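A quick write-up on the structure given underneath.
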Amino acid sequence: MGPLSAPPCTEHIKWKGLLVTASLLNFWNLPTTAQVTIEAQPPKVSEGKDVLLLVHNLPQNLTGYIWYKGQIRDLYHYITSYVVDGQIIIYGPAYSGRETAYSNASLLIQNVTREDAGSYTLHIIKRGDGTRGVTGYFTFTLYLETPKPSISSSNLNPREAMETVILTCDPETPDTSYQWWMNGQSLPMTHRFQLSETNRTLFLFGVTKYTAGPYECEIRNSGSASRSDPVTLNLLHGPDLPRIHPSYTNYRSGDNLYLSCFANSNPPAQYSWTINGKFQQSGQNLFIPQITTKHSGLYVCSVRNSATGEESSTSLTVKVSASTRIGLLPLLNPT
């Protein structure tokens, strides 16, 4: 974090003792010409880590300084101050016990929390011509590194075109913006999407296969941005009208009959077969070896989706003809 001046090991005074001192220090409010800058080390800090607000180009003849949380300079936002004469540190109402003030005006914040993000104001008081003081105010904004977001859903398994899904980008983070992507692109302009006022929540109306995702959300502040892992909705749909393969209908006695049925469905559909209105078997495939003319009739494949409750069926008329055997003609002996 760079060299620091050791914090004074002298008397610590509670903020109430600052009332008179603060009024005197703030009496003169003239602009300063010192090019004071404040730098965060490290530039991006994660929650739970430490950050140093390092002050550069501190002016000479320093009388003292005051740190405020935010840009309002009052006792409520007062964190700490340092008085050069006597090396006195004074703590205010905004002091959390995690701040350490140094004689070079730098401020160490330990175990950073979300509440620590935001602007800080450094009030520097410099000795003047012996009768007046010169003060300057320098504002710095601390940005926490955005956490990796995640997407929570009110329903990860919606029924197609029937249910509304609410996606939320977590966590809720102050002083950040939220943005959403679908299929790696910005959200299309459609009545099926609606965002909350903060963009943190996305409403999906009547989800279809075209709006099932994948979805990503991003949390961004002025210092960093982080994007979530993609989330794809498991869209429950179907079954569509089933298809029987092969569609061949004419057979001969002694042939093997093999039929397969398929319907697009999520979750996979349940299959059953009937022949001439009589249940034959369950399953997607039907196999009957060495069929006879008795196997002629109407073959129906029925499908059902247990999740959507939808059903569908299709039929195939099979005709089985008797085999015709061609015998050998007798040899005619010439006379």
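The backbone N, Cα and C atoms fix where each Cβ goes, and this holds for glycine too.
Annotation comment: Swiss-Prot describes C169-C217, C261-C301 as disulfide bond, evidence class a curator's inference. Here Swiss-Prot flags 35-144 as domain 'Ig-like V-type'. Feature annotation from Swiss-Prot assigns domain 'Ig-like C2-type 1' to 147-234. Residues or ranges marked as domain 'Ig-like C2-type 2' by Swiss-Prot: 239-317. Swiss-Prot lists N61, N104, N111, N199 with the feature N-linked glycosylation site. Per Swiss-Prot, signal peptide is recorded for 1-34.
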Recorded positions near N199 (N-linked glycosylation site), in sequence order, restricted to N61, N104, N111, C261, C301 and a 10 Å Cα cut-off: none
N104 (N-linked glycosylation site) to N61 (N-linked glycosylation site) - Cα separation in whole Å: 12
Distance, C169 (disulfide bond) to N111 (N-linked glycosylation site) (CA atoms, angstrom): 25
Segment confidence, the domain 'Ig-like C2-type 2' (239-317), expressed as mean pLDDT: 97
For the disulfide-bonded residues C169, C301, the one whose C-beta sees the most other C-beta atoms within 10 angstroms: C169
Cβ neighbours within the same chain of C261 (disulfide bond) - under 8 Å, at least six residues apart: P242, R243, I244, H245, Y271, W273, Q284, N285, L286, C301, V303, T314
Cβ neighbour count (within 10 Å, all chains shown) around N104 (N-linked glycosylation site): 16
Those residues of the chain, 6+ apart, with a Cβ under 8 Å from that of N61 (N-linked glycosylation site): K126, R127
Fewest Cβ neighbours within 10 Å, where candidates are the glycosylation sites N111, N199: N111
Per-state residue totals over the domain 'Ig-like C2-type 1' (147-234) - DSSP helix, strand, coil: 0 helix, 36 strand, 52 coil
Helix, strand and coil totals (DSSP H, G, I; E, B; other) for the domain 'Ig-like V-type' (35-144): 6 helix, 57 strand, 47 coil
Neighbour tally for C217 (disulfide bond), based on other Cβ positions within 10 Å of its Cβ: 25
